[in-house]
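Colleague: Among the features that TrEMBL reports, active site is placed at A:ASP73, A:HIS251. Annotation source TrEMBL lists active site, nucleophile at A:CYS76. The feature domain 'OTU' is assigned by TrEMBL to A:65-258. Residues annotated as site 'Interacts with free ubiquitin' in TrEMBL: A:ILE207, A:TYR221, A:ASP223, A:TYR247, A:TYR252.
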Amino acid sequence: MDQTEETDAVNRDELIMQQQRQIEKEISDTIPLVSEEQPVDSLNNEYMGDDVYGSKVRDLAAKYRAIRRTRPDGNCFFRAFAYSYLEYLAGHKEDYDAFKELALKSKDKLVALGFPQFTLEDFHDTFMEVIEHVSPGENDKQELHKLFNAQGYSDYVVVYLRLITSGQVQEGADFYQNFIDGNCTIQEFRHQEVEPMYKESDHIHIIALCSALNVGVRVEYMDRGEGGQVKAHDFPEGTDPKVYLLYRPGHYDILYPN
Amino acid sequence: MANMAVSRIKREFKEVIKSEEIVQCSIKIELVNDSWTELRGEIAGPPDTPYEGGKFLLEIKVPETYPFNPPKVRFITKIWHPNISSVTGAICLDILKDNWAAAMTLRTVLLSLQALLAAAEPDDPQDAVVASQYKHNYSLFLMTARHWTNAYAGGPSRFADCDQKIQRLKDMGIDEHKARAVLSMENWDLEKATESLFS
């Protein structure tokens, strides 16, 4: 490769990044970070005349009263989880107090695991501020919705949950190593798949976050598979779920059970 | 959103100037304008590398979406390194692209760049010519990198042979940097360098 080709390669890199930003901007201009509640059968609009999905949407609508959509930006699992759990906590004083305590302590634990104190504090403070805003009693549902649609707050919450998840993977390295494909080390996995924004979540992220925060999550899987019904999976298995999510390949939304 | 980037940078700036590395003069950071969107970084070449003794300037641009997207960083000081373009100063480093995380800071970036100078990754090159020299003619790579550190970053090692060859090309009317770049690319073969310049 001579020098002119190399300069071209540099520009191509730049162009790819620019185009990525452009696509992200288009998505962010048209889709809110978290939508209002919508009827479950609004999903049908996306699957006109598709029998497989049609019957699964009917099945889902029989179990859930509403869906709340999240922006497909790779952070959807973390954002959906946080919104849904905080919404639950706003109505459950005891769980709220326990979670606040756990959240308060989480910072020192992450510092001990080697995260940079300076940025950690930044995200932790914002995280605590958001928790403070949804304390039961105040119970202003609009407040949570407003915070989660303010990019700054919303993304800071996502970052902090990513750090908690990464810390959990580090702590349980022996266990999580079994779920990591190929030659990726735990460190590489944390730095490449968990900590960076916009990286999509997999089972391992869900399991780690649920165990770190001690929260049960039920995910309803909806894909092109046979059977005509959505498939529920609880994380960790056998727990009583507080958060309900819909998974369609590549994306998570929030569900509200009947 | 933009305000978030600025307030974060202001705090990071304080963090860097309080840090140990500043005290040891190994990294430095300065404001370029009042908007906090463009900064000037400086790293010292790490000991026991061909960059030892050199000071390398960096252009740092902070995007509006910082810290969720990485800062844009480029070497201003010319450098001979497999993962840095000898032409544009563009850097190939994962944390400046896909593996950036919002918990990282300018300090992390500067220290990672210093680490990159100490441990090149020739299999993931930014500058294919330098990478090839690194892999196939390591001793020549070391000399070239030291020579560039001397010429552009104030490093201590002079190589009379390099200087003479550059002088020969200068005598033919070639600009000094152009002469150095072509000779470096041609493994300091004066004949080949001349050929590539005049053919």
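Cβ atoms are placed via backbone N, Cα and C, with glycine included.
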Colleague: Measuring Cα to Cα, how many angstrom lie between A:ILE207 (site 'Interacts with free ubiquitin') and A:TYR247 (site 'Interacts with free ubiquitin')?
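Modeller: A:ILE207 (site 'Interacts with free ubiquitin') to A:TYR247 (site 'Interacts with free ubiquitin'), Cα-Cα distance: 15 Å.
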Colleague: Hey, how far is A:ASP223 (site 'Interacts with free ubiquitin') from A:HIS251 (active site), Cα to Cα, in Å?
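Modeller: That comes out at 11 Å between the alpha carbons.
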Colleague: Mean pLDDT over the domain 'OTU' (A:65-258): what is the value?
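Modeller: Taking every residue in the domain 'OTU' (A:65-258) and averaging pLDDT yields 93.
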Colleague: Do me a favour and check the Cα-Cα span between A:HIS251 (active site) and A:CYS76 (active site, nucleophile); whole Å is fine.
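Modeller: Checking the Cα atoms of A:HIS251 (active site) and A:CYS76 (active site, nucleophile) gives a distance of 7 Å.
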Colleague: Who sits close to A:TYR221 (site 'Interacts with free ubiquitin'): which same-chain residues at least 6 apart have their Cβ under 8 Å from its Cβ?
Modeller: A:VAL230, A:LYS231, A:ALA232, A:HIS233, A:TYR247
Colleague: Can you tell me the CA-to-CA distance separating A:TYR252 (site 'Interacts with free ubiquitin') and A:CYS76 (active site, nucleophile), as a whole number of Å?
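Modeller: Cα to Cα, A:TYR252 (site 'Interacts with free ubiquitin') and A:CYS76 (active site, nucleophile) are separated by 6 Å.
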Colleague: Of all the recorded positions given, A:ASP73, A:CYS76, A:ILE207, which residue's CB has the most CB neighbours within 10 A?
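Modeller: Of the recorded positions A:ASP73, A:CYS76, A:ILE207, the highest Cβ count within 10 Å belongs to A:CYS76.
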Colleague: Among the recorded sites listed here, A:ASP223, A:TYR252, which has the most company in the form of other Cβ atoms within 10 Å of its Cβ?
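Modeller: In terms of Cβ crowding, the pick is A:TYR252.
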Colleague: I'd like to know which of these recorded positions, A:TYR247, A:HIS251, is least surrounded, judged by other CB atoms within 10 A.
Modeller: A:HIS251
